[in-house]
Amino acid sequence: MLSSRNIFLIGPMGAGKTTIGRRLADKRGLEFIDSDHEIEARTGVDIPYIFEKEGEPGFRRREQQTIAELVERQGIVLATGGGAILDPRNRQALAAHGFVVYLHASVEQQVQRTARAANRPLLQASSDRRETLARLFEIRDPLYREIADLVLHTDHRGARTLLREIERHVDRD
Ligand SMILES: Nc1ncnc2c1ncn2[C@@H]1O[C@H](COP(=O)(O)OP(=O)(O)O)[C@@H](O)[C@H]1O
Ligand SMILES: O=C(O)C1=C[C@@H](OP(=O)(O)O)[C@@H](O)[C@H](O)C1
Ligand SMILES: [Mg+2]
């Protein structure tokens, strides 16, 4: 029987949280929620617009409130945004309420997978995407690791392989 345990995906932009999360939920018959999409649904505007009007602090406030509510649910796959782990309250909430998978990607892969990054304001604003992603990753990698139950390297690995790996660990844990 498939467990109704929550699965939370964390990791940098371009790691595949949204893509893998949706497929994982489908496969396990769980509800898929992406915290960015949830924030957009609640506000009726997109993420870049929130950054423009309220700055990153405004977005982080909304993200924290949204995650605090979502973790209370059961049987969900939650794809978080790459910066969700910056807030210690989010780290605590995610660690306490589900199985946390860190989808790891090298900076080079992050650069490639965010090439069409029109909806990622932190990258839109930067003239050097590689430098920005490297800087963010240096700060965030230890925070992802701090709460990860599983660290999964995604470079040159397709969705099917990653799904199989996640399921193997979730069911065993
Ligand atoms: N394992 C993978 N191999 C190749 N491409 C991937 C993989 N995971 C995601 N992608 C692609 O990378 C891009 C970013 O994926 P996305 O799920 O939006 O990442 P995130 O939500 O972590 O920022 C998408 O175009 C997606 O199709
Ligand atoms: O890394 C970040 O700080 C962000 C990542 C984005 O989500 P993805 O990681 O799904 O791209 C989104 O939450 C927002 O643009 C900020
Ligand atoms: Mg995403």
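Yeah, the Cβs are placed from backbone N, Cα and C, and that goes for glycine too.
There are 17 other Cβ atoms within 10 Å of the Cβ belonging to Thr19 (ATP binding site). Per TrEMBL, ATP binding site is recorded for Gly14, Ala15, Gly16, Lys17, Thr18, Thr19, Arg120, Arg157.
The annotation Mg(2+) binding site is assigned in TrEMBL to Thr18. Sequence-distant contacts (6 or more apart, same chain, Cβ under 8 Å) of Thr18 (ATP binding site) comprise Asp34, Asp36, Ala79.
Reduced to three states, the DSSP call for Gly82 (substrate binding site) is coil. Residues within less than 8 Å, Cβ to Cβ, of Gly82 (substrate binding site) and separated from it by at least 6 positions along the same chain comprise Gly11, Pro12, Met13, Ala15, Lys17, Leu136, Arg140. What TrEMBL lists as substrate binding site is Asp36, Arg60, Gly82, Arg140.
Between the alpha carbons (Cα) of Thr19 (ATP binding site) and Arg60 (substrate binding site) lies a span of roughly 22 Å.
Selection of the binding-site residues Gly16, Lys17, Arg60, Arg140 by a Cβ distance under 6 Å from ligand 1 yields, in sequence order, Gly16, Lys17. Proximity to ligand 2 (Cβ under 6 Å from any of its atoms) holds for these binding-site residues out of Gly14, Asp36, Arg120: Asp36, Arg120.
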